[in-house]
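Asks: According to Swiss-Prot, the protein has these features:
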type: ACT_SITE; residues: ASP8; note: active site, proton acceptor
type: ACT_SITE; residues: ASP131; note: active site, proton donor
Amino acid sequence: MLLIPAIDLKDGQCVRLKQGDMDQATVFSEDPAAMARHWVDQGARRLHLVDLNGAFVGKPRNEAAIKAIIAEVGSEIPVQLGGGIRDLNTIERWLDDGLSYVIIGTAAVKNPGFLQDACTAFGGHIIVGLDARDGKVATDGWSKLTGHEVVDLARKYEDYGVESIIYTDIGRDGMLQGINIDATVKLAQSVSIPVIASGGLSSLKDIDHLCAVESEGVEGVICGRAIYSGDLNFREAQDHADKLGAA
């Protein structure tokens, strides 16, 4: 089970939001590259970056911070980025700059043809981000709710060659209420694409639940507020997951 620290970027700073609300941002660091180094030193094997400003405006906005993170740790572990990625040129530029994976969210929902083109051009590097509230997919920085069911969209993407799906339960994001295991497993069982859980991780108990369903196709989890607030020690959590995986 891969535990992936999240670094959410707003105005060049590392922040955490509650339920995607930009007005409820807590600043955890003004040096995102140093934060990236911290997580690598704590044993992270991949990093998850989100350009929050970019997600809302539809184009990259925290480029300096992202490039600084890639320069700091990109040669050591894979780095993935989501937020504001809506065209092939942006994907190519980020991959050339050293990102390992690019996450397509809103654009995948609104323009499936773009996602298909991206998977064809950059096979093995494209992750889809499906963000949902009560089972319905949300777009545009979670500000717009669609009528699409998560599982229906995921099945559609299966033939495109998507590397994995990050499934976020918006209602639990930043709330430390625990992962929505049932919805995550339902999605993982419905498709052959590996699923990464996101939203609500709060304790080693969540890690236990996730490791128990790893064989269903849940390959990892994004770690957010809990590792910043101190509710969860990242190194301890990854070690715990490794021991369960080896058992």
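Note: Cβ is positioned from N, Cα and C throughout, glycine not excepted.
Mind running through what each feature is packed against?
Replies: Following the DSSP three-state reduction, the secondary structure of ASP8 (active site, proton acceptor) is strand. Its own atom aside, the Cβ of ASP8 (active site, proton acceptor) has 26 Cβ atoms within 10 angstroms in the protein chains shown.
Note on ASP131 (active site, proton donor): other Cβ atoms within 10 Å of its Cβ, all shown chains, come to 25.
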